[in-house]
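K.L.:
So that we are looking at the same thing, I have put the structure below in structure tokens.
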């Protein structure tokens, strides 16, 4: 029988529900259980694919091409599993599915209502996650905060699941905040009490309360929360701010969260062996070297927009006992005149993906600097396209070379729409998305990084290198080191006369893991260390 764990949040958003869910997933996996995990987002967008990163942070892409919440990146990195389109569900997806069924006549003329039709659709997404993966445990994080009107159908659905599958097969974990009032020198439990009261008014009694706090919580405070919220004092789990995200599973294990979960759900399984994870955390806390990586992007005020890139850099750093000092460079501020000053301290330069023309010329200047000054460079998606444009303009001499995305009238469309995208009108869900094969050329930096001829990476793009320009670019030392197996699509480019200059059309950051760094990031950091 599959077991179901629901993680909710109260008091404020951004409490770390996703990290809590991911950490618990890691602990249960290390107990020998087959775990899957999903995120329910209460917004009406079908997916975050067309949302601004300022609104939502990074869009994380799964193997099967779903554009999803950034929490799925945490889930994959912590639990070391590959998720799919069933792992991110939004209100928009639920209502779209129900309306489609109504139009098809599936409800036989009945009145379609939030209960039971919307809630049944939500429950089906929970059960499907377990069926598709044969999971022992399905962990579902409910986005938003208890009390928000948007979350109500999701909370009602997870309340009903207890009756559907039996209370011994369902567990509710509620994440709250105990704020520290500096002026009074006190921590306050009242917001937690009210949040749990709100949850209980909706018919959900939490089994565990995970409390975010800046300061250590005295035992009597845990007992007070337990008394007012009607749970065992041992089930009040303190989640203090950690020096590294990867320490959170160990913090939760110390307080026996995984044991509490297994006892409640009647799961007979071994103790979690966290030896390798402890070694990782020990390594992260004692890095002896530092390298400076300039990340040149347009959303640098919000690091969450590049969270998988940042984590992939850190993972690569761990492999070399190196702390990555990221220098956030706003591409809009980069010009020909100031680029040397802005990037003079960088040991490596990275230009990540993005959409829209804001900051494009600044990124091109940063790429030119990396090429001319022989600074290790990694370009991702748009970064690869702009590296091609920079080379075409300044080495090949194709004046006005650009992407037709930014300049439809460019005389040299180095980057152009994929042929299959020419007649596409909708923006949402229509990109080239998900895992595709790439064939690497022997003797190249990319081949050296992967050590394999055919690799698989995740994509999210609509534009592609224009093959008409391949011959002239190659004549000038531009290397097409990776293509689709049929040779039609350019996937990886590099430069002949440069120590380490590689750019990929795909998104390598999505497949990096803390104990298994992604090959391009690993070699980029190695080159940046000047070893």
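Here the Cβ of each residue, glycine as well, is placed from N, Cα and C on the backbone.
The following feature annotations were taken from Swiss-Prot:
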- 381: active site, nucleophile (ACT_SITE)
- 13, 148, 149, 150, 188, 189, 190, 191, 192, 193, 224: CTP binding site (BINDING)
- 54, 354, 382, 383, 384, 385, 405, 462: L-glutamine binding site (BINDING)
- 71, 141: Mg(2+) binding site (BINDING)
- 292-531: domain 'Glutamine amidotransferase type-1' (DOMAIN)
- 1-267: region 'Amidoligase domain' (REGION)
K.L.:
Which number gives the other C-beta atoms within 10 angstroms of the C-beta of residue 405 (L-glutamine binding site), all protein chains shown included?
P.N.:
19
K.L.:
Going by Cα-Cα distance, pick out whichever of the binding-site residues 13, 71, 149, 190 is nearest to residue 383 (L-glutamine binding site).
P.N.:
71
K.L.:
So what sits near residue 71 (Mg(2+) binding site) in its own chain, CB-to-CB under 8 Å and at least six residues off in sequence?
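P.N.:
Those within reach of residue 71 (Mg(2+) binding site), by Cβ under 8 Å and sequence separation of 6 or more, are 18, 21, 22, 39, 60, 141.
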K.L.:
When the Cα of residue 405 (L-glutamine binding site) is compared with the Cα of each of the recorded positions 13, 149, 190, 224, 381, which one is closest?
P.N.:
381
K.L.:
Across all chains shown, how many C-beta atoms besides its own are within 10 angstroms of the C-beta of residue 224 (CTP binding site)?
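P.N.:
A 10 Å sphere around the Cβ of residue 224 (CTP binding site) contains 17 other Cβ atoms.
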K.L.:
Checking the spread of the L-glutamine site as listed (54, 354, 382, 383, 384, 385, 405, 462): what is the longest Cα-Cα distance, in whole Å?
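P.N.:
Roughly 23 Å, rounded to the nearest whole number.
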K.L.:
What mean pLDDT score does the domain 'Glutamine amidotransferase type-1' (292-531) have in the model?
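P.N.:
Averaged over the domain 'Glutamine amidotransferase type-1' (292-531), per-residue pLDDT gives 94.
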K.L.:
Let me make sure I understand the structure: which of the binding-site residues listed (188, 190, 462) has the fewest other Cβ atoms within 10 A of its Cβ?
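P.N.:
Least crowded of the binding-site residues 188, 190, 462, by Cβ count within 10 Å, is 190.
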K.L.:
Whole-number answer please: how many Å between the C-alpha atoms of residue 149 (CTP binding site) and residue 54 (L-glutamine binding site)?
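P.N.:
If we compare the Cα positions of residue 149 (CTP binding site) and residue 54 (L-glutamine binding site), the gap is 23 Å.
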K.L.:
What is the separation, in Å, between the Cα atoms of residue 382 (L-glutamine binding site) and residue 13 (CTP binding site)?
P.N.:
31
K.L.:
Which residues in the same chain, at least 6 apart in sequence, have a Cβ under 8 Å from the Cβ of residue 192 (CTP binding site)?
P.N.:
10, 11, 176, 177, 178, 209, 211, 225, 229
K.L.:
Taking the Cβ of residue 383 (L-glutamine binding site) as the centre, how many other Cβ atoms fall within a 10 Å radius?
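P.N.:
That number is 25.
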